[in-house]
């Protein structure tokens, strides 16, 4: 690809960043579509995010992806949030229109699209959702919008727990879905929740390098063949949770599905053009 002075820059702001497949995926898509943009990853955390956003404006970047740990903080630095992003309380995409920043969240729509593509109808179903960060809450919000009946969210009693409670309140007030929040340490409640769930979704970084040998499921007997298990982590591709689920006979959806579909929506928001889906799936080796 020959980059000229006419090219615009799109970024990804996250920490850590080296594991991300987004730069490779987006640049392959941009090159295939023949569009004058280049996508670069920048190591940015909560302490440098404000400066990075000022840099985005100063450099007239077209926009940026936002990943851990910046997704919730990023809401404070945009001029406008979509209704879904307000419900989530986190964004993963910023579009810069001449200095006016719009915040979107494509994590939820991407993950739910991957579930739909598998043939699973979530309407009226119950989900156990692990985590309360930006990705997890985005998935929960979109699932509620799409008609899921109940979400049982489990998170450790950390800084995200109160945010999870606030998220549940927003969803309960604005949708027909019922969201409850429980401490992940409450194994009795967790066991009961899984026994009646239709979907188990991991929205945490457990399973991601360097936590690739870990899973939040300590007792694999909790996994049943009729349970759909979905994963946000894509590096490694086959997380310990997915291995446990497949051994238990569960249908699974790996993290590539979310990466692909959320990235496709980001691409279209930044460029206004269709994402070359089939080409990207082929060159990236995605099974989703």
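Each residue, glycine too, has its Cβ placed from N, Cα and C.
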Original post:
Do you know which of 60, 86, 205, 281 Swiss-Prot groups with 132, 133, 134, 135, 155, 156, 157, 158, 232, 233, 234, 235, 255 in the NAD(+) site?
Top reply: 205
Original post:
Which three-state DSSP class does residue 155 (NAD(+) binding site) fall into?
Top reply: strand
Original post:
Relative to the Cβ of residue 157 (NAD(+) binding site), which residues of the same chain, six or more apart in sequence, are found under 8 Å away?
Top reply: 183, 185
**OP:** In three-state terms from DSSP, label residue 205 (NAD(+) binding site) for me.
**Re:** coil
Original post:
What number of additional C-beta atoms lies within 10 angstroms of the C-beta atom of residue 155 (NAD(+) binding site)?
Top reply: 24
Subject >> Spatial neighbours, same chain, of residue 71 (substrate binding site) - Cβ under 8 Å, 6+ residues apart >> reply: 90, 91, 92, 105, 133, 134, 135
